[in-house]
Amino acid sequence: MSVSIALFTQDLRLHDNPVLRAALADADEVVPLFVLDDGVAATGFAVPNRSAFLAGCLADLDAGLRSRGGRLVLRRGAVAAETARLAAATGAVSVHVAAGVSGFAQRRESALREALGGRLRVHDAVLTALAPGAVTPAGKDHYAVFTPYLRAWRAAQRRHPVAAPRAVRVPADVPDGVPGGALPDVRPDSPGLPAGGESAGRARWSAWQVDRYEEVHDDLEGDGTSRLSPYLHFGCLSAAELVALAERRGGPGAEAFVRQLVWRDFHHQVLAARPDAAHADYRPHDDRWHRDEAELAAWKAGRTGYPIVDAGMRQLAHEGWMHNRARLLTACFLAKTLYLDWRAGAAHFLSLLVDGDVANNQLNWQWVAGTGTDTRPNRVLNPLTQAKRFDPDGAYVRRWVPELAHVPGAAVHQPWLLAERPDYPAPLVGLDTGRFQQGRGR
Ligand SMILES: Cc1cc2nc3c(=O)[nH]c(=O)nc-3n(C[C@H](O)[C@H](O)[C@H](O)COP(=O)(O)OP(=O)(O)OC[C@H]3O[C@@H](n4cnc5c(N)ncnc54)[C@H](O)[C@@H]3O)c2cc1C
């Protein structure tokens, strides 16, 4: 009997998984492998919210494999060494893995190549709908501006989604578990975390109304976005399959949704070409960032005195997720109004976000801070204007800031004007943009 290995990374699914399909096509039996990576733990990226969600993803993947006659094989350690050990023990003819994007994933791929040589097969466009580098502007290795990327993306050939396998045969003599411990049993920091896994992700997609997406996606209280981001981050859902489903559905809502998935591909192709953009300014402006630990702490705790900002930060703490509009305005408040280094804000987001993703988080932060791909790097979002546009009745603030739950209507956005002052902080700073303008030397 020939054996191959399907090494799962950020593709924790059975539907539209080219890695698993190719491993199945290559041999009589397959080892579906996930390695709890010591390297990820060492970077600090494995925070409680994402680790708890990951445990759900792995349990669901194992259940899905078992319903097809297989099972998930778990190991803990260094990915390349563990995979090579298993390949030697099973005499695997090939090891299949999805191409990664971050510097970490690129180093992991090199280590796998070194350990496995010609037996390694790397599959493109598993984590994104279009592979990074599949379209490039003349003479460059990636697109730095979204609109031309969107045009090229639309014109490009994309792979068709593949079906989930009906049966998976795993060699009987491979032990399932991790020596010294099974699935990570982690208590999440956020009580309102969603359930991890492909089943939960597919159920969410089926229950969600894509048709209304364009109308409602910026309405903070309406909460009408897909909330699929954690499932996309861990690959419980395939971006290529979601694009195909949305394109088949058609209409303005589906089109607007696909556009957001293209933003995801866009950031991934930037990071694949410039892995240093995870930490270094993509377009430096010689910012002389303000430093103030007390201001940073107030922002993290949702106690800036600006209710719309505080509501977003408290949603993040409670759910491990934040609405995109709230991410934009809380990040802008940190990086432009307080003019604190975007890296501090991005790190706080990554410490809690269940969808926390190096490409999407760091490059969206850079976009907001004006050090990234935004073609208008000096734009500043005024939190009061944002509040009036995207939470006109104040319901989002009342939901997340209980100290203000009794304040009716839009008055909740300016508690400092109320005749009876609630037990809520005064604004941390004024809304003038002096610090940003001076620091950037405009
Ligand atoms: C400062 C900041 C930090 C962010 N950090 C992350 C992060 O760590 N992980 C993450 O997945 N997204 C991040 N985003 C992008 C976006 O806010 C989330 O993807 C979105 O809010 C997730 O909710 P949803 O699934 O309901 O999105 P929907 O509106 O339903 O969009 C569908 C999908 O499109 C993708 N998408 C949407 N907007 C963006 C965007 N601006 N950039 C890239 N992809 C996008 C996501 O995969 C999302 O699930 C960040 C945005 C900002 C402004």
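Each residue, glycine too, has its Cβ placed from N, Cα and C.
Feature annotations, reproduced from TrEMBL:
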- 2-128: domain 'Photolyase/cryptochrome alpha/beta' (DOMAIN)
- 173-200: region 'Disordered' (REGION)
- Tyr213, Thr225, Ser226, Arg227, Leu228, Ser229, Phe257, Asp355, Gly356, Asp357: FAD binding site (BINDING)
- Trp289: site 'Electron transfer via tryptophanyl radical' (SITE)
- Trp342: site 'Electron transfer via tryptophanyl radical' (SITE)
- Trp365: site 'Electron transfer via tryptophanyl radical' (SITE)
Checklist entry - What's the CA-CA gap between Leu228 (FAD binding site) and Trp365 (site 'Electron transfer via tryptophanyl radical') in angstrom, rounded? => result 20
Checklist entry - So which recorded positions out of Ser226, Trp289, Trp342, Trp365 are up against ligand 1, CB under 6 A? => result Ser226, Trp365
Item to check | For the domain 'Photolyase/cryptochrome alpha/beta' (2-128), the mean pLDDT of the predicted model | outcome: 95
Checklist entry - What's the longest C-alpha separation between any two of Tyr213, Thr225, Ser226, Arg227, Leu228, Ser229, Phe257, Asp355, Gly356, Asp357, the listed FAD-binding residues, in angstrom? => result 23
Checklist entry - Sorted by position, what residues of the same chain at least six away from Ser226 (FAD binding site) have a C-beta under 8 A from it? => result Arg204, Trp205, Trp208, Val210, Tyr213, Phe257
Checklist entry - So, in DSSP terms, is Tyr213 (FAD binding site) helix, strand, or coil? => result helix
Checklist entry - Which number gives the other C-beta atoms within 10 angstroms of the C-beta of Trp365 (site 'Electron transfer via tryptophanyl radical'), all protein chains shown included? => result 23
Item to check | Cβ-Cβ neighbours of Trp342 (site 'Electron transfer via tryptophanyl radical') (radius 10 Å) | outcome: 25
Checklist outcome for this item: Across every protein chain in view, the count of C-beta atoms other than its own within 10 A of the C-beta of Leu228 (FAD binding site) is 21
Checklist entry - Long-range same-chain neighbours of Trp289 (site 'Electron transfer via tryptophanyl radical'), Cβ under 8 Å, sequence gap at least 6? => result Tyr339, Leu340, Asp341, Gly439
Checklist outcome for this item: For Tyr213 (FAD binding site), the number of neighbouring Cβ atoms whose distance to its own Cβ is within 10 Å equals 23
Item to check | Packing count at Gly356 (FAD binding site) (other Cβ atoms within 10 Å of its Cβ) | outcome: 22
Next on the checklist: In whole Å, how far does the CA atom of Trp365 (site 'Electron transfer via tryptophanyl radical') lie from that of Trp342 (site 'Electron transfer via tryptophanyl radical')?
Outcome noted: 6
Checklist outcome for this item: Checked against DSSP, the composition of the domain 'Photolyase/cryptochrome alpha/beta' (2-128) is 63 helix, 29 strand, 35 coil
